[in-house]
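Engineer: Dumping what TrEMBL says about this protein:
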- 14-128: domain 'Type II secretion system protein GspF' (DOMAIN)
- 110-133: transmembrane segment (TRANSMEM)
- 153-182: transmembrane segment (TRANSMEM)
- 194-212: transmembrane segment (TRANSMEM)
- 213-335: domain 'Type II secretion system protein GspF' (DOMAIN)
- 218-235: transmembrane segment (TRANSMEM)
- 316-337: transmembrane segment (TRANSMEM)
Amino acid sequence: MKKVKWTLKEQCDFLKKVGELLSRGYSLSEAMASSSLQLTLEKKLQLQEVIYQLKEGFHLHSALGSMNFNSHLVGYVFFAEQHGGLQQAFIDGSEMMQKRGEDMRKLKKALMYPCFLFIITILLFFLVDKIILPRFTSLFQSMNVNENTFMVLLQWIGSVAPLFLIVMFTLLLLCSLYYYFIFRRFSMIRQVSLVVRIPIIGKLVALFYTHYFAIQLHYLLAGGMSITTSLNLFAKDEKQPLMKEVGQYLRRKLENGEQLDELIQVFPFLELDLRAVIRHGQQNGKLEEELQFFSRYCLQLLEEKIDQIMKVTQPAIYLIVGCLIISLYLAVMLPMFQLMEGV
């Protein structure tokens, strides 16, 4: 199959349209054909090949995987093919990934301008430190005038900056070596367990995977499957290595007579509240509904956390830039006033 580039937005829009058409009574092939009408010729030809593969008995998740669709979207399709609720799973999965993509775009947009200002300010700082301040220093020494505090501070920062860059480069190199030679060899469970220890980012990762696990288990249970059968399907999800390992572990432990709610706390990338949700759902016989509500809660909390990060990060960068600019201004202007007083 010829490789055609699909953006995440295009993938989400396509699957959402397919889900909406399925809910109106279209067959899967008809829904895909109708959804492809507004796409480019290359994408239409690619989808025609996918439709042909479906008629030959291939699975949709395999075809989408060969098209390099997002692995989380492919995971939604994989589970949807098992429990039969294609239309709702397609819509929910595409909306979730659309929100994730929009959040990332907002975060990039919010940080782009302040980061640009920060880089320009750093360049100005080095210009002042390497060209302007040395001339003032020489002039002050010749006139027996003391240097002001801001000049001393900027000179100190200028002397420390190279050491700071060397340390940062060394840390980056060590992290890269650790990733390529050690981290990648860990199981996915251990990898993600280490990632969730990172401040701020770890909480976002935990909420994302908790939502994914809860919503997929909800779909499977709502489709009439048992917990054991559902976990067997998790263990077969090739596009999500983490969920595959989680499914294999939980299935093995359940076969030994252990309880699902007790096992969940083993995984640091799944929210602790999920344990209480599963226990309560098993007690009242409405586990699938409890999981659905909790998955929505995790998604809402994830949105709020990302908004909080954007609200804090952008002003913080502006504050740093502002302090640097004021310091540069005072470092340049105060010597002039001192010289004027000395004349």
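Keep in mind that glycine also has a Cβ here, set from the backbone N, Cα and C atoms.
Just so you know, TrEMBL annotations never went through curation; they're auto-generated.
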Engineer: Between the transmembrane segment (110-133) and the transmembrane segment (218-235), are there three or more C-beta pairs closer than 8 Å, counting only pairs 6 or more apart along the chain?
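Structural biologist: Touching, no - the transmembrane segment (110-133) and the transmembrane segment (218-235) miss the threshold of 3 or more Cβ pairs under 8 Å.
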Engineer: Which listed range (194-212, 218-235, 316-337) shows the maximal number of Cβ pairs under 8 Å with respect to the transmembrane segment (153-182)?
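Structural biologist: It is 316-337, which has the most Cβ pairs under 8 Å.
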Engineer: Just give the helix, strand and coil counts over the domain 'Type II secretion system protein GspF' (213-335), going by DSSP.
Structural biologist: 99 helix, 0 strand, 24 coil
Engineer: For the domain 'Type II secretion system protein GspF' (14-128), what are the DSSP-based totals of helix, strand and coil residues?
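Structural biologist: So the counts come to 96 helix, 0 strand, 19 coil.
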Engineer: Can you give the mean pLDDT for the domain 'Type II secretion system protein GspF' (14-128), rounded to a whole number?
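Structural biologist: That region's mean pLDDT is 83.
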